[in-house]
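Visitor: The structure is given below, and queries will be raised subsequently.
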Amino acid sequence: MAEGVFQGAIGIDLGTTYSCVATYESSVEIIANEQGNRVTPSFVAFTPQERLIGDAAKNQAALNPRNTVFDAKRLIGRRFDDESVQKDMKTWPFKVIDVDGNPVIEVQYLEETKTFSPQEISAMVLTKMKEIAEAKIGKKVEKAVITVPAYFNDAQRQATKDAGAISGLNVLRIINEPTAAAIAYGLGAGKSEKERHVLIFDLGGGTFDVSLLHIAGGVYTVKSTSGNTHLGGQDFDTNLLEHFKAEFKKKTGLDISDDARALRRLRTAAERAKRTLSSVTQTTVEVDSLFDGEDFESSLTRARFEDLNAALFKSTLEPVEQVLKDAKISKSQIDEVVLVGGSTRIPKVQKLLSDFFDGKQLEKSINPDEAVAYGAAVQGAILTGQSTSDETKDLLLLDVAPLSLGVGMQGDIFGIVVPRNTTVPTIKRRTFTTVSDNQTTVQFPVYQGERVNCKENTLLGEFDLKNIPMMPAGEPVLEAIFEVDANGILKVTAVEKSTGKSSNITISNAVGRLSSEEIEKMVNQAEEFKAADEAFAKKHEARQRLESYVASIEQTVTDPVLSSKLKRGSKSKIEAALSDALAALQIEDPSADELRKAEVGLKRVVTKAMSSR
């Protein structure tokens with residue numbers, strides 16, 4: 001890689017199933033990986049020798065299911081006892097354990113048991129995306145804009161930001177996926193000038209968002225947002241997988257539920273069938289020797305696929321209704337409905353949405369897999385002063401807080417301070433008081449959600465305001481100040497008005513939140529793993545070079561015509577050097593240096609023997 005640092009910031013769409021990276025240098029470019037693919041699987045695999053990320057990891061998943069990790073986005077920022085985590089664990093082949101209430105992934109790597117947080121796995125995928133960009137740009141990349149589902153809560157946003165830090169990136173901004181896609185749509189279609197209401201329907205591999213935006217004169221204002229952080233293509237695959245499992249059991253009497261390899265192979269076949277059914281109405285699914293020597297063969301119609309997922313498909317309309325209601329806009333006022341995310345290719349999803357909007361033509365002008373990274377790259381260029389076009393220089397993004405933020409009051413009642421769909425950044429205040437006489441400490445539990453009962457919302461963290469002057473109950477004036485930044489991340493301060501005493505948190509003791517020491521430790525570990533990957537690659541290369549050189553010299557020595565060109569008496573020296581080289585290849589775990597030395601030694605002897613007689 002050439003020296004120098006890229007002055008801009010790359011845009012990364014960190015997806016549940018696939019990730020995508022884009023850069024902006026006078027225009028947006030989606031960058032293909034070394035396989036030539038413009039999206040890279042969000043997979044990390046661990047083997048006794050090395051770590052694989054992306055296509056290489058996904059391609060060996062069936063052979064190494066227990067140590068191939070995916071879906072980290074479904075774990076990030078969640079508690080171990082989260083209902084969705086517990087449900088997902090039943091379908092994942094890798095092991096998730098509870099460490100202090102947080103989910104941690106356990107794998108075998110370099111013949112040891114290792115544990116990784118979801119942030120660390122996500123950081124590995126981010127590092128891969130960063131390297132893909134660096135290979136194209138030819139410079140070191142330090143800054144990025146990373147996207148998250150609009151419906152991600154504070155803990156999930158902060159954990160994603162932490163993943164960026166672990167990967168060595170300076171995350172300039174966390175932006176919402178549908179908002180990023182809206183930029184791609186507005187710029188790509190040259191439609192950012194004309195005033196319009198646009199609904200972004202973003203159904204990906206693992207998450208679902210709907211955002212309603214008002215676009216006018218380069219100003220993108222999010223009016224409302226809704227979604228489900230646990231709905232996407234993976235769930236449609238799971239329903240197909242269950243259907244095929246039952247069919248296989250009915251035909252053969254065999255249950256593959258506990259066989260990770262068979263499940264992975266059948267899931268891959270289910271995913272392939274799902275994709276095929278977007279363009280044809282019937283497909284055949286075949287998996288040779290799926291389990292116990294029995295083959296699996298089945299035919300699947302599009303109608304059956306739609307039937308198996310009918311409830312999930314129908315549920316995608318609920319957030320659409322919600323955003324219209326929240327923005328107080330009727331469906332007839334929506335100018336465009338824009339499809340984003342690979343799962344919007346499913347014909348039934350498109351039909352339900354079009355029917356909801358009374359037969360409206362859906363907008364498919366942007367690439368559903370690439371739009372989010374495209375928008376993130378534009379935002380990265382704006383934040384680093386690299387955007388040069390007239391279209392982007394006046395572009396302004398006004399996003400919203402997806403869920404209400406507030407504090408727990410007496411009786412576990414949720415006191416909202418920042419209502420959902422408030423434009424961010426924002427500062428909101430609310431006053432509280434004491435509930436008993438001479439109370440000197442008040443605890444502020446901070447929640448995010450929409451339920452009246454605090455227990456049904458997400459606890460983000462808590463802190464105490466101490467040394468309140470002794471007064472009768474209800475007299476002290478305590479002000480809670482909520483600041484939400486442009487990343488959607490919250491800082492809370494509480495002030496006792498008569499003394500000015502204050503206490504604040506950036507929700508530091510929250511769910512899955514890493515301390516700066518933990519992040520630093522993970523950054524160092526990430527560097528070590530990268531160094532180990534590089535050392536393994538060098539060793540592999542050195543071994544291949546030596547093996548191929550040894551093979552060519554063996555051919556020379558045994559070929560009567562070629563060996564006749566050797567100096568007299570040198571054949572035995574070459575044979576001795578060959579046996580040294582072969583011995584180096586037999587060593588249990590030779591270093592790249594040892595293999596290189598063996599190659600140089602053999603070359604020296606051969607060169608002398610070949611020089612003019």
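Including glycine, each Cβ sits where the backbone N, Cα and C put it.
Model, not experiment: these values are computed from the prediction.
Annotation comment: Swiss-Prot describes 16-18, Lys73, 205-207, 271-278, Gly342 as ATP binding site. Residues annotated as N-acetylalanine in Swiss-Prot, with experimental evidence given as evidence: Ala2. Residues or ranges marked as phosphothreonine in Swiss-Prot: Thr47, Thr431. Sequence annotations record features per position, and here Swiss-Prot assigns region 'Nucleotide binding domain (NBD)' to 2-391 based on similarity to another entry. Sequence annotations record features per position, and here Swiss-Prot assigns region 'Inter-domain linker' to 392-402. Annotated region 'Substrate binding domain (SBD)' per Swiss-Prot: 403-613, in sequence order. According to Swiss-Prot, the region 'Lid domain (SBDalpha)' annotation covers 516-612, on the basis of similarity to another entry. For 574-582, the entry in Swiss-Prot reads motif 'Nuclear export signal'.
For the listed features, I'd like the structural context: burial, neighbours, distances.
Guide: Counting every protein chain shown, the Cβ of Tyr18 (ATP binding site) has 22 other Cβ atoms within 10 Å.
Sequence-distant neighbours of Thr47 (phosphothreonine) (same chain, 6+ apart, CB under 8 A from its CB) are Gln60, Asn64, Asn67, Tyr109. According to DSSP, Thr47 (phosphothreonine) sits in a coil region rather than a helix or strand.
Contacts of Thr431 (phosphothreonine) defined by a Cβ separation under 8 A and a same-chain sequence distance of 6+ are given as Val477, Leu478, Glu479, Ala480, in order along the sequence.
On the 0 to 100 pLDDT scale, the region 'Nucleotide binding domain (NBD)' (2-391) averages 95 in this prediction.
Below 8 angstroms of C-beta separation, residues 150-153, 175-176, 179, 183, 187, 192, 217-227, 378-379, 381-382, 418, 420-424, 426, 484, 486, 488 of the same chain, each at least six residues beyond the ends of the region 'Inter-domain linker' (392-402), sit close to that stretch.
Residues of the same chain lying 6 or more positions beyond the ends of the motif 'Nuclear export signal' (574-582) and with a Cβ under 8 Å from any Cβ of it are 546, 549-550, 553-554, 556-557, 566, 598-599, 601-602, 605-606, 609.
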Visitor: Comparing the binding-site residues Arg272, Lys274, which residue's C-beta has the most other C-beta atoms within 10 angstroms in this structure?
Guide: Lys274
Visitor: How many of the residues that make up the region 'Inter-domain linker' (392-402) does DSSP mark as helix, as strand and as coil?
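Guide: Secondary-structure breakdown of the region 'Inter-domain linker' (392-402): 2 helix, 5 strand, 4 coil.
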Visitor: Return the residues near Ser278 (ATP binding site) by Cβ distance under 8 Å, restricted to its own chain and a separation of at least 6 in sequence.
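Guide: Non-local contacts for Ser278 (ATP binding site): Arg345, Ile346, Pro347.
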Visitor: Within the region 'Lid domain (SBDalpha)' (516-612), how many residues are helix, strand or coil going by DSSP?
Guide: 83 helix, 0 strand, 14 coil
Visitor: Rank the binding-site residues Thr207, Thr276 by how many other Cβ atoms lie within 10 Å of each Cβ and give me the one with the fewest.
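Guide: Sparsest of the binding-site residues Thr207, Thr276 by Cβ contacts within 10 Å: Thr276.
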Visitor: Tell me, how many other CB atoms lie within 10 A of the CB of Gly205 (ATP binding site), whichever protein chain they belong to?
Guide: 24
Visitor: Helix, strand or coil by DSSP: which one applies to Lys274 (ATP binding site)?
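Guide: SS state of Lys274 (ATP binding site) = helix.
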